[in-house]
Amino acid sequence: MSVVVRHDWDRKELHALFALPFPELLHRAASVHRAHFDPAEVQVSTLLSVKTGGCPEDCAYCPQAQRYDTGVSAQKLMDTEDVVAKARQAKAAGASRFCMGAAWRSPKDRDIPKVAAMIREVKAMGLETCATLGMLDAGQARALKDAGLDYYNHNLDTAPDYYDSIIHTRQYQDRLNTLEHVRDVGLKTCCGGIVGMGETREHRVGLLHALATLPAHPDSVPINQLVQVPGTPLHGTEPLDAFEFVRMIAVARIAMPKSMVRLSAGREAMSDELQALCFLAGANSIFYGEKLLTTGNPDTERDQGLFQRLGLRPMQITVDAAEHDHPGTVHADITCGAACEHAA
């Protein structure tokens, strides 16, 4: 099957895909998936919060926002040796990438050397690295690239025309600017959003349209299901229909055929059957481990059991002799993390 990568999708086309009969949509998405990936392979990453809580932003979904009473207290940036110990555990459990998230609006310049040290140490272990630290300027993006960072996560969260219902402390253009800085220095991008925040299907179409018409498709696209945390404004929101979530995965796969599509936050509450439908619809990446920053995630044993039942296997790593890396660094074609639970 020949699949053309397009950047000129219009919303009517994407809306028409959403409206297809469910079996037809899954057939199309699975066909696109098979054209670019081994459908039996799923990329596995581990995510660690290296700086938890105390964020000054007002994202309505986030338990790390300091203005909400969620029981999450502000903590200082972790020491590098503690991060390395967690990375070592992740590698032993089978992860091929280690993702580091910090609850910042944007890092201060004094924080960058500390994060750079974490990146260098984790890469020296043979893991790929990703980070999500909030908004970056051009100089900060360059410093992270020079430290050896592989991917940077910065989500759009939702459609441009629903954004003001969720966030007021950061503009949509701010997110696009950070993505531009990241692309300009040659970092790979991880960018997706969250569904189940009270948005309509048209808003979900709008999010995918914004992602699929970026100058370059994100290398990985995390699709997060809202994790409702008491104390956040979105707690108590009507849950999204499970089939609508699968449709979101399927249309993302069709619109961005060469991107990794990741099941991110909210997977703990998903049945094995729902996850299987998502894999059939084109999802090919998950986070491994019992926690995503401050919210739960399926434990490793459950994921291993699900992989065995479905005949899936973790994506294998390859060697990439990139110029900024140390000789012998091990790489994998995989995805990245996020600064809050919604990769999220």
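Each position is counted from 1, following the chain as shown.
Each Cβ is built from the backbone N, Cα and C atoms, and glycine gets one as well.
Packing around C59 ([4Fe-4S] cluster binding site) is summarised by its Cβ count: 23 other Cβ atoms lie within 10 angstroms of its Cβ, all protein chains included. For C55, C59, C62, the entry in Swiss-Prot reads [4Fe-4S] cluster binding site.
What Swiss-Prot lists as [2Fe-2S] cluster binding site is C99, C130, C190, R262, and the listing cites sequence analysis. Using a 10 Å radius centred on the Cβ of R262 ([2Fe-2S] cluster binding site) and all shown protein chains, the other Cβ atoms total 31.
The annotation domain 'Radical SAM core' is assigned in Swiss-Prot to 40-267 on the grounds of sequence analysis.
Each of the binding-site residues C55, C62, C99, C130, C190 was scored by other CB atoms within 10 A of its CB, and the lowest score goes to C55.
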